Amino acid sequence: MPRKMVVIFGASNILWMVFAVSQASKMEIFLEPRVAAQIGDVISLTCSTTGCETPSFSWRTQIDSPLNGKVKNEGNNSTLTMDPVSFNNEHAYLCTATCGSKKLEKGIQVEIYSFPKDPEIQLSGPLEVGKPVTVTCLVRDVYPFDRLEMNLLNGNDLLQSKDFLEPMEKKSLETKSLEVTFTPTNEDIGKGLVCRAQLHMDEIDFEPKERETTKELQVYISPRNTFISVTPSMRLQEGGSVTMTCASEGLPPPQIFWSKKLDNGNLQLLSGNATLTLIAMRLEDSGTYVCEGVNEVGKDGKEVELIVQEKPFTVEISPGPQIIAQIGDSVVLTCGVTDCESPSFSWRTQIDSPLSGTVKVEGAKSTLTLSPVNLENEHSYLCTVTCGHKKLEKGIKVDLYSFPRDPEVEMSGLLVDGNPVTVSCEVPNVYPSDRLEIELFKGETIIESKSFLEDMDKKSLETKSLEMTFIPTTEDTGKVLVCLAKLHIDEMEFEPKQRQSTQTLYVNVAPRDTTVVVSPSSIVEEGSPVNMTCSSDGLPAPNILWSRRLSNGRLQSLSEDPILTLTSAKMEDSGIYVCEGINQAGISRKEVELIIQVAPKDIQLIAFPSESVKEGDTVIISCTCGNVPKTWIILKKKAETGDTVLKSRDGAYTIHKVQLEDAGVYECESKNEAGLQLRSLTLDVKGRENNKDYFSPELLVLYCASSLIIPAIGMIIYFARRANMKGSYSLVEAQKSKV
């Protein structure tokens, strides 16, 4: 589109015309000497005045040619517009401003040029490596062309430069060009052709004074080095398939076309892909196949010859030449035929024994099912396929084994520390048993192993076992007993070939070291609390059972707590107590005797025949204590000079022919570990008159009677004590004696 340019006289290319109408003022005008205008654009020249209210303006060219523009006056401004700029506007223009009698005139030179478009790059043909090509650079509608300079570059390399300095015969817009011929190479790929044009008009100011165009080089390479790969082979079986892959070098990458050469030499297009796959090939698919790589600058071809051969039928038997099966499983043998439309099948064993299976035919496949498979099926089986006049036979061997369960580990009894136990490891229903090995481990140590290498009389499922006896200890607790069974059949592939069972050992310990602790003591006073604590070692920890032994020897159960407590012991609680530690491995027993003591009581101290006797009489002093066992009896005679311990027998002291000095206080002390009790009496001895020996008949009778009665009384007292009291009495010998 044409541009519009406004030029104002004065500063910055503006034409100012200043008129001073005042009698004392002067008019001055400031303007640039030149202005540039491009042909086809619009330019406006504006003339302005100051200092005059009503100036008048006029425009003309310096040579009085037509203005070729429109003038518009507004106040102090006058504008000359050239729309569009043409060669007729290339003049020096004058603006005259009149204010009263004053006139002022200024001029401006309008320079005309044309440089509207970037250069154009043209190629004589596609850029092909190794082939020359002509590059033309065009600059259209340029003026003045004698100021034009053109450069053509390939990347940063200058190919050609040209100036147009010939004189112009007339003013006109010209199209100028620069031509260069060069041969592209691989190194030119990705480079750019640059056409640069410069309009050298330094005397005037305009933009742009330089234009350039860049064209990226699209360098082509004609297809070459075309090659073909064939998979699996160029010789094929009828019904097979083939994949042919073609590749060709070039730039841009060539497109691949596959064709087949007909008998008349023409090509039959098959595919536009690089890979051609032919399936279910027939004999007529034999022939020559052509691959062509094609791009914009050429093509390159390669041929391959395919030969399709007649294919014979084949027989396959699955799952393979050998099948490993476990007795009791289901086995399916499959015989398949290919490349035969109507085959017939037959099955047999290699030794012509019964098949013992079910045969089924479906099209090109026949199956023999053995379910469940047993020892009678351990044979080599043959499948015969007849197709027309041809027969093919394939065989498969059925090998059997039986190893269905993990070993079974059993103990002859409970594991008790120190007691022998027999371990049995049994492997059920194994075949062939002569390949079996059983190993017995305790922890990681093998303790027994056994192989069964004896010949088998017949094919059968066998149950084999390994036994051993060992003495467990507490160190065995936590260890693992492992029974490992291995079926050594290396020539057969199956899993598992070894099985194992484990049993963690827990060794019991029969109760032992049973102890009883009585607190505070096994002998206590009546009313005191008693704790009897029982403990016993063993695995598992023994249970505690408290019992009391009765008078008939039997045990009376009391408690299953380790601690037996009597909060207030009574005398009848005395006796034998039994603690038993019991677990599944045995029993341990401990007895303790508990004695409940009672402080002495009911003491009786008597003098016989009386506490008052005559000198010469016989006196028995007797001390008894009721129903208390293990009591000490001490008889004393009190005196100021000190007590005298009397020699008593069963608590009785006899004084024959009592004397006056025998009179006094007699004391009985009854004590045991629970306490003591005292009793005393005063014996009064009266003297005889005249202090003469007197022996009357009456005294003789009394003496004789007392000699019989006193021992009798003593015996009565003794047996009464023994019958009615729990305990015994002591005679005091010097100090005291315990009975």
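If you go along the chain as it appears here, the first residue is 1 and each next one adds 1.
Backbone N, Cα and C define each Cβ position, glycine as well.
Per Swiss-Prot, the features are:
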type	residues	note
SIGNAL	1-24	signal peptide
DOMAIN	25-105	domain 'Ig-like C2-type 1'
TOPO_DOM	25-698	topological domain 'Extracellular'
DISULFID	Cys47-Cys95	disulfide bond
DISULFID	Cys52-Cys99	disulfide bond
DOMAIN	109-212	domain 'Ig-like C2-type 2'
DISULFID	Cys137-Cys195	disulfide bond
DOMAIN	223-309	domain 'Ig-like C2-type 3'
DISULFID	Cys246-Cys291	disulfide bond
DOMAIN	312-399	domain 'Ig-like C2-type 4'
DISULFID	Cys335-Cys383	disulfide bond
DOMAIN	408-506	domain 'Ig-like C2-type 5'
DOMAIN	511-595	domain 'Ig-like C2-type 6'
DISULFID	Cys534-Cys579	disulfide bond
DOMAIN	600-684	domain 'Ig-like C2-type 7'
TOPO_DOM	721-739	topological domain 'Cytoplasmic'
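Distribution of Swiss-Prot features across the structure.
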residue : record         : Cβ neighbours (10 Å)
Cys47   : disulfide bond : 33
Cys52   : disulfide bond : 22
Cys95   : disulfide bond : 27
Cys99   : disulfide bond : 23
Cys137  : disulfide bond : 28
Cys195  : disulfide bond : 28
Cys246  : disulfide bond : 25
Cys335  : disulfide bond : 27
Cys383  : disulfide bond : 25
Cys534  : disulfide bond : 24
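Secondary structure from DSSP puts Cys52 (disulfide bond) in coil. A separation of roughly 40 Å, to the nearest angstrom, links the Cα atoms of Cys246 (disulfide bond) and Cys335 (disulfide bond). Here the domain 'Ig-like C2-type 3' (223-309) touches the domain 'Ig-like C2-type 2' (109-212). Their Cβ atoms form 3 or more pairs under 8 Å, with each pair 6 or more residues apart.
Ranked by CA distance from Cys137 (disulfide bond), the disulfide-bonded residues Cys95, Cys291, Cys335, Cys383, Cys534 have Cys291 at the top as the closest.
Checked against Cys534 (disulfide bond) by C-alpha proximity, the disulfide-bonded residues Cys52, Cys291, Cys335 yield Cys335 as the nearest. Taken together, the residues of the domain 'Ig-like C2-type 7' (600-684) have an average pLDDT of 85. Applying an 8 A CB threshold to same-chain residues 6+ apart, the list for Cys291 (disulfide bond) reads Thr226, Ile228, Met244, Cys246, Ser248, Ile256, Phe257, Trp258, Gly301, Lys302, Glu303, Val304.
Note on Cys579 (disulfide bond): other Cβ atoms within 10 Å of its Cβ, all shown chains, come to 25. Broken down with DSSP, the domain 'Ig-like C2-type 5' (408-506) shows 6 helix, 54 strand, 39 coil.
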